[in-house]
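S.K.: Please see the structure below; I have some questions.
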């Protein structure tokens, strides 16, 4: 039995010796800190706690912060957090340090994954709600021919651009698997091209909205002289060569991962991001001039056209910062701390996915012309069906009283 226990005892002794050597080494380091510190009053001596954190000599009444341990019992921890321990007024350490900020890296990754999964749900929910609202708005502009003026045609095209962008977003999410993403097949690159094209058209149609309002209000130029083809060129045609140039750049300099994302040191995405930033800045200038004119010259005016312009400006003032802020989020890197990353994930997911919903609300559902036309259609439908109901009731009257009265008339005439 003694012979059987001897190897085990030797192993235990070796491990104990190793731990003792490590603790002695750490203790020596802490004692070195003790000798290097100069305190005249009461102070806590340098010491090592049970976890292995070295606490330097500290003046009484002070709180000490030390980095979290990198490893403990084979588990890796995030060293960006701190451990806190108080040196009491009597020169003795608190019983144990506060390790609340020291979190396992795997545990943090699990938390981040949970938040990413929630963000994916928000994205799908937001894009679904946006797509439904945009389709309703599209049908309203399609059916209500009485309100089909240039201003509403621009709204209609903006809504169409958002519909196509949402559709291509769903196509990307449902078809671009990890295998397709890594293999960089042709069809997945075409899907990315389509999504980026419709993404750019959103901003150029917003630019068309700004051009129309700036021309009508600031330049006092008759909108009757503006032509639909001008805005079609701005919204649909100009983004096309921009995306073609971007695709050529991707093909030669960053031809991987379905052209989604970017390689470090390669800036081909700025081929389409640059024009988008430019039209956003121009739109901000347009809106500044429009608001200035409205506040100075049109404040006392109550004409119906001026009221429509004011409402359009309000909608654009709300939507343009919304679109601009969400786009600029791509250039913002969240901080290293967990809270800033979580806030960034949720904020970005919400604004990106609900853009189409906000566009349909401000440019269609809150549009007084659309609401008036829908109300007229509804009243016309009610009147039409009420007439049909009256005719149906008249046709359903029994004929027996008519025959009786006719027989009585015949008898009276015979008498």
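For all residues, glycine too, the Cβ spot is worked out from N, Cα and C.
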S.K.: Do the topological domain labels in Swiss-Prot for residue 262 and residue 369 match, putting them on the same side of the membrane?
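M.R.: Topology check (Swiss-Prot): residue 262 vs residue 369, domain names differ.
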S.K.: Quick check on the annotations: Swiss-Prot lists transmembrane segment for one of 307-331, 382-406. Which range is it?
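M.R.: When 307-331, 382-406 are checked in Swiss-Prot, transmembrane segment belongs to 307-331.
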S.K.: Swiss-Prot annotates one residue of 38, 166 as N-linked glycosylation site; which residue is it?
M.R.: 38
S.K.: My understanding is the cutoff is Cβ-Cβ under 8 Å with a sequence separation of 6 or more in the same chain; which residues meet that for residue 188 (disulfide bond)?
M.R.: 175, 176, 180, 181, 258
S.K.: CA-CA, which of the recorded positions 45, 54, 68, 102 lies nearest residue 87 (disulfide bond)?
M.R.: 45
S.K.: Top stretch among 112-142, 150-174, 190-218, 226-253, 270-295 for CB pairs under 8 A with the transmembrane segment (339-368)?
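M.R.: The stretch with the most close Cβ contacts to the transmembrane segment (339-368) is 112-142.
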S.K.: Of the stretches 112-142, 150-174, 190-218, 226-253, which racks up the most C-beta pairs under 8 Å with the transmembrane segment (270-295)?
M.R.: 190-218
S.K.: Grab the same-chain neighbours of the topological domain 'Extracellular' (254-269) for me: Cβ-Cβ under 8 Å, and only residues 6 or more beyond its ends, written as numbers and ranges.
M.R.: 172, 176, 180-182, 184-185, 188-189, 191-193, 246-247
S.K.: Have a look around residue 258 (disulfide bond) and count the other CB atoms within 10 A of its CB, chains all included.
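M.R.: Result for residue 258 (disulfide bond): 23 neighbouring Cβ atoms inside 10 Å.
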